[in-house]
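Undergrad: Structure in structure tokens, see below.
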Amino acid sequence: MRLDPFYLIVDSADWVERLVPLGVKLVQLRIKDRPEPVLREEIRRAKAACAAAACQLIINDYWRLAIDEGCDFIHLGQEDLMAADLAAIRRAGLKLGLSTHDPSELETALAAAPDYVALGPVWPTILKEMKWAPQGVERLADWRRRVGPMPLVAIGGITAERAPLVLENGADSAAVVTDITRNPDPEARTRQWLAATAPWRSVG
């Protein structure tokens with residue numbers, strides 16, 4: 001399995017509908033603390049927008065809803081992984097991505113046989129408080145050796161200018177949140193990301 005080198009993460013279907021038509025091919029819908037009917041509607045809208053643009057949609061956390069709504073890819077954090085029914089996820093045919101922040105979490109993730117692992121934060125991030133220190137690009141090279149051919153996602157503090165650095169140091173995909181969603185011109189920044197990651201999109 002290959003991931004697009006530009007991995008957009010957003011918190012609403014509005015963002016999906018706004019940015020995916022620009023050429024985004026990999027997007028995660030990460031919504032927190034909303035009622036189930038709202039979540040279902042957000043997933044349905046995001047799924048429709050992604051289907052229209054041939055974009056891979058990944059649902060964060062809500063694996064039961066992802067199964068119910070016919071999605072095919074989910075992402076779980078370490079705490080969510082402990083509570084999830086991996087057998088049910090696999091029976092439903094969903095692909096699985098997992099977050100990791102240290103070697104112990106990587107071992108836990110690899111034991112679950114995911115379809116990709118994410119390492120972060122590579123650089124300091126303003127998105128949320130993190131108990132882990134920034135990993136740096138050096139850790140990416142180490143993770144690359146540990147995971148073998150499995151796709152590796154870098155996340156945390158990545159900008160369009162930094163994306164080539166993580167892709168050159170072992171990551172298959174660079175994940176971004178605030179560099180786009182908090183930019184004064186998210187559409188222009190998305191196009192900059194598409195351009196910055198283009199050399200890796202055409203490889204292979």
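Placed from the backbone N, Cα and C atoms, the Cβ positions cover glycine too.
Take a look at what Swiss-Prot says about it:
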- Gln28, Leu29, Arg30, Ile31, Lys32, Asn60, Ser99, Lys128: 4-amino-2-methyl-5-(diphosphooxymethyl)pyrimidine binding site (BINDING)
- Asp61, Asp80: Mg(2+) binding site (BINDING)
Undergrad: Can you check which residue among the binding-site residues Arg30, Lys32 has the largest number of Cβ atoms within 10 Å of its own?
TA: Arg30
Undergrad: Would you identify which of the binding-site residues Gln28, Ser99 has the most other C-beta atoms lying within 10 angstroms of its C-beta?
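TA: Checking each of Gln28, Ser99, the winner is Gln28.
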Undergrad: Specify the secondary structure state of Leu29 (4-amino-2-methyl-5-(diphosphooxymethyl)pyrimidine binding site) as given by DSSP, simplified to three classes.
TA: strand
Undergrad: Quiz question: given the binding-site residues Leu29, Ile31, which has the greatest number of C-beta atoms lying within 10 angstroms of its own C-beta?
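TA: Counting every other Cβ within 10 Å of each candidate, the maximum falls on Leu29.
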Undergrad: Give me the Cα-Cα distance between Leu29 (4-amino-2-methyl-5-(diphosphooxymethyl)pyrimidine binding site) and Asp61 (Mg(2+) binding site), rounded to a whole Å.
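TA: Cα of Leu29 (4-amino-2-methyl-5-(diphosphooxymethyl)pyrimidine binding site) to Cα of Asp61 (Mg(2+) binding site) measures 9 Å after rounding.
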Undergrad: Starting from Asp61 (Mg(2+) binding site), work out which of the binding-site residues listed here (Arg30, Ile31, Lys32, Ser99) have their Cα within 10 Å, and give them in sequence order.
TA: Arg30, Ile31, Lys32
